[in-house]
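As annotated in TrEMBL:
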type	residues	note
ACT_SITE	115	active site, pros-phosphohistidine intermediate
BINDING	9, 57, 85, 91, 102, 112	ATP binding site
DOMAIN	1-138	domain 'Nucleoside diphosphate kinase-like'
Ligand code: IDP
């Protein structure tokens with residue numbers, strides 16, 4: 001089963017959106033297999049956003065992402081990488097469809113409340129930054145057969 005890395009960013013935590021965001025992924029039918037509440041170190045932030053080093057927004061992005069606690073999560077499910085990106089909406093909340101998480105709750109590209117891996121390879125790389133293999137929990141959900149064939 002596919003896995004992705006989702007993270008409620010410091011603005012999502014500060015704005016009291018943890019429950020609302022987690023609820024969307026639960027109700028969709030995805031399964032939570034790992035979760036931590038933590039504050040990123042500068043080193044973790046730079047590792048996470050390594051592909052953006054050198055871009056004009058990079059210093060501000062690192063400051064933002066270490067400015068408060070985040071909720072780091074691993075979610076599992078059918079096509080969870082691409083489907084969760086659709087549920088999040090466009091990177092710039094001003095362009096995100098109204099029903100998406102960013103479209104519903106955010107207005108600024110620098111405060112877009114949630115991160116989600118953009119490919120299975122990114123998911124694997126990002127999950128390894130936040131979780132040891134033993135911290136991801138395999139569990140059977142009795143209603144799985146009602147969610148996917
Ligand atoms: P994504 O988070 O939708 O995958 P990326 O292009 O990978 O989008 O950018 C990573 C994060 O960097 C964004 O979610 C956003 O927080 C921040 N970011 C991207 N572009 C800008 C920008 O132009 N100004 C400020 N922040 C930006």
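Including glycine, each Cβ sits where the backbone N, Cα and C put it.
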Would you kindly give the Cα-Cα distance separating residue 115 (active site, pros-phosphohistidine intermediate) and residue 57 (ATP binding site), rounded to the nearest Å?
16
Which chain-mates of residue 115 (active site, pros-phosphohistidine intermediate) that are at least 6 residues away have a CB under 8 A from its CB, listed by sequence?
5, 6, 7, 9
Would you mind giving the whole-number mean pLDDT across the domain 'Nucleoside diphosphate kinase-like' (1-138)?
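The predicted confidence over the domain 'Nucleoside diphosphate kinase-like' (1-138), as a mean pLDDT, is 98.
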If we count other C-beta atoms within 10 Å, could you say which of the binding-site residues 9, 85, 102 has the fewest?
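Among the binding-site residues 9, 85, 102, the lowest count of other Cβ atoms within 10 Å belongs to 85.
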Using Cβ atoms only, which residues of the same chain lie under 8 Å from residue 91 (ATP binding site) while being at least 6 residues apart in sequence?
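Within the chain, residue 91 (ATP binding site) has Cβ neighbours under 8 Å at 102, 109, 112.
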Using CB under 6 Å from any atom of ligand 1, narrow the binding-site residues 9, 85, 91 to the ones that qualify.
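Cβ < 6 Å from ligand 1, in sequence order: 91.
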Is residue 102 (ATP binding site) helix, strand or coil when read with DSSP?
helix
So how many other Cβ atoms are close to residue 57 (ATP binding site), meaning within 10 Å of its Cβ?
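Around the Cβ of residue 57 (ATP binding site), 12 other Cβ atoms lie within 10 Å.
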